[in-house]
């Protein structure tokens, strides 16, 4: 389900003080600086096999929220996984952890927000959980809710 993008500041003005605005300060990495879509989630720690499996499945404009426990020790997403996500219809990735291939990510037509970078690869054992509620920056990301992301931040409705 493709969602029309709305600026996060406009959503805050419309929703008011009860808005679900993520307090974490993510950096932009992908070729799109704004994106919106229904949320899917993966929780994994320094292992990206499960998220690669999820991103291999077609999406109609979804946003994958990846809880990597904030680890900057290894990258969960690089250019290969980002291109896979773009090719299967995902519109955005929110990574509570690190990415790599930062220069290449800027050229891929997908939104990517992450805490930072590390060139080190993650493991690939498949450990983790999917479609679970994830709380980041005071906001709970619930599968099926809608995430809006731009240069001002991330809103969940």
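Cβ coordinates are placed from backbone N, Cα and C, and glycine is handled just like the others.
What Swiss-Prot records for this protein:
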- 78, 79, 80, 81, 100: substrate binding site (BINDING)
- 101: divalent metal cation binding site (BINDING)
If you measure every Cα to Cα pair among 78, 79, 80, 81, 100, the residues listed for substrate, what is the largest value in Å? 10
The residue listed as 'divalent metal cation binding site' and residue 79 (substrate binding site), distance between Cα atoms, whole Å: 6
Which chain-mates of residue 81 (substrate binding site) that are at least 6 residues away have a CB under 8 A from its CB, listed by sequence? 48, 51, 52, 55
8 Å Cβ shell about 78, 79, 80, 81, 100 centroid, substrate site members excluded: 75, 77, 82, 83, 99, 101, 104, 105
Reduce the DSSP letter at residue 79 (substrate binding site) to three states and note it down. helix
C-beta crowding around residue 78 (substrate binding site), within 10 angstroms: 20
Report, in whole Å, the straight Cα-to-Cα distance of residue 101 (divalent metal cation binding site) from residue 80 (substrate binding site). 9
Distant-in-sequence Cβ neighbours of residue 100 (substrate binding site), under 8 Å, six or more positions away: 75, 77, 78, 79, 117, 118, 119, 120, 121
Counting only residues 6+ apart in the same chain, whose Cβ is under 8 Å from the Cβ of residue 101 (divalent metal cation binding site)? 75, 78, 79, 82
